[in-house]
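Listed in Swiss-Prot:
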| type | residues | note |
| --- | --- | --- |
| BINDING | Gly10, Ala11, Gly12, Gly13, Arg14, Met15, Glu36, Gly100, Thr101, Thr102, Ser124, Gly125, Asn126, Met127 | NAD(+) binding site |
| ACT_SITE | His157 | active site, proton donor/acceptor |
| BINDING | His158, Gly167, Thr168 | (S)-2,3,4,5-tetrahydrodipicolinate binding site |
| ACT_SITE | Lys161 | active site, proton donor |
Amino acid sequence: MSDMRLIVAGAGGRMGRALTRAISETKGVVLTGALEAPGSELLGQDAGVLAGLPANGVKLSADLWTLSAGADGILDFTVPAATIANVAIAAQRGIVHVIGTTGLSSSDNAVIKSVTDQAIVVKSGNMSLGVNLLAALTRRVAQSLDAGFDIEIVEMHHRAKIDAPSGTALLLGEAAAAGRKVDLDDHSARGRDGVTGARKTGDIGFASLRGGTVTGDHSVIFAGPYERIELAHKAEDRMIFAHGALKAAQWAHGKSPGLYSMMDVLGLAEF
């Protein structure tokens, strides 16, 4: 079987460079395209060199339609507007679209869902094995404990992260809500400030911290009467997300059109 031909979107960014390095380390995949935003000063540069590798001859381009001719998939950790633009082209080409972009709105998610009758999309707020196992455990614990245990999710990331709560925190919140059989949108408590009154029973709280170079720390706290359960994950290098994205792409290659998650990829959907 020939290598899976992949495009990295946002190839000049931190995650894009990590993805390029991960592809170079992984059997069965090859980098055939590197996408960057129109007007970027990085256009035309070699993706390998940008990632700290030997030159690989793949130049950064802003033309996804041309890059995607003959490709098998695209790895997309960019920004919502770019991802939504990429969704349409990936669907037209019928290639695997792995989406790790965070900060997507409900309308963005609706656009993504609308193409999955013809597109193969793997979308997750976090691509690492550890975080998805944490999400599965969160769902199980939330299911097992009654509303007497309050759920709080605390996350910390580097000072340059532009969205909050993180996509991973929301992934964990969705897992907790699923365990409680409630809608997260109706039970989410964010950004408490001032005189907020007593905590509402059944809320799922979020706290976001930003500073330094933290790759990603997440804790799910179940606080009950006189006892507390904490589940936590600390990411030490974003390469865990890059290798997870590659696992997702290879798993999805050849699958029927649809919207999948890392829970599907890792076999944790029914955990």
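Just so it is clear, glycine is given a Cβ too, placed from its N, Cα and C backbone atoms.
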(S)-2,3,4,5-tetrahydrodipicolinate site shell beyond His158, Gly167, Thr168, criterion: Cβ within 8 Å of Cβ centroid:
Thr102, Gly125, Asn126, Glu155, His157, Lys161, Ser166, Ala169, Gly216
What kind of secondary structure is Arg14 (NAD(+) binding site) part of, going by DSSP in three states?
helix
What's the longest C-alpha separation between any two of Gly10, Ala11, Gly12, Gly13, Arg14, Met15, Glu36, Gly100, Thr101, Thr102, Ser124, Gly125, Asn126, Met127, the listed NAD(+)-binding residues, in angstrom?
22
In sequence order, what residues of the same chain, 6+ apart, have a Cβ less than 8 Å from the Cβ of Gly167 ((S)-2,3,4,5-tetrahydrodipicolinate binding site)?
Gly100, Thr101, Thr102, Gly103, Leu104, Ser124, Gly125, Asn126
Let me know the DSSP-derived helix, strand or coil state of His157 (active site, proton donor/acceptor), please.
strand
Using a Cβ-Cβ cut-off under 8 angstroms and a sequence gap of six or more, which residues of the chain neighbour Glu36 (NAD(+) binding site)?
Gly10, Ala11, Gly12, Gly16, Leu42, Leu43, Leu60, Ser61, Ala62
Spatial neighbours, same chain, of His158 ((S)-2,3,4,5-tetrahydrodipicolinate binding site) - Cβ under 8 Å, 6+ residues apart:
Arg210, Gly211, Gly212, Thr213, Val214, Thr215
At the Cα level, what's the spacing in Å between Lys161 (active site, proton donor) and Arg14 (NAD(+) binding site), rounded?
12
Which secondary structure state does DSSP assign to Gly167 ((S)-2,3,4,5-tetrahydrodipicolinate binding site), in the simple three-class scheme?
helix
Using a 10 Å cut-off on CB atoms, tell me which of the recorded positions Arg14, His157, Lys161 is the least crowded.
Arg14
Ranking the binding-site residues Thr101, Ser124, Asn126, Thr168 by other Cβ atoms within 10 Å, which is at the bottom?
Thr101
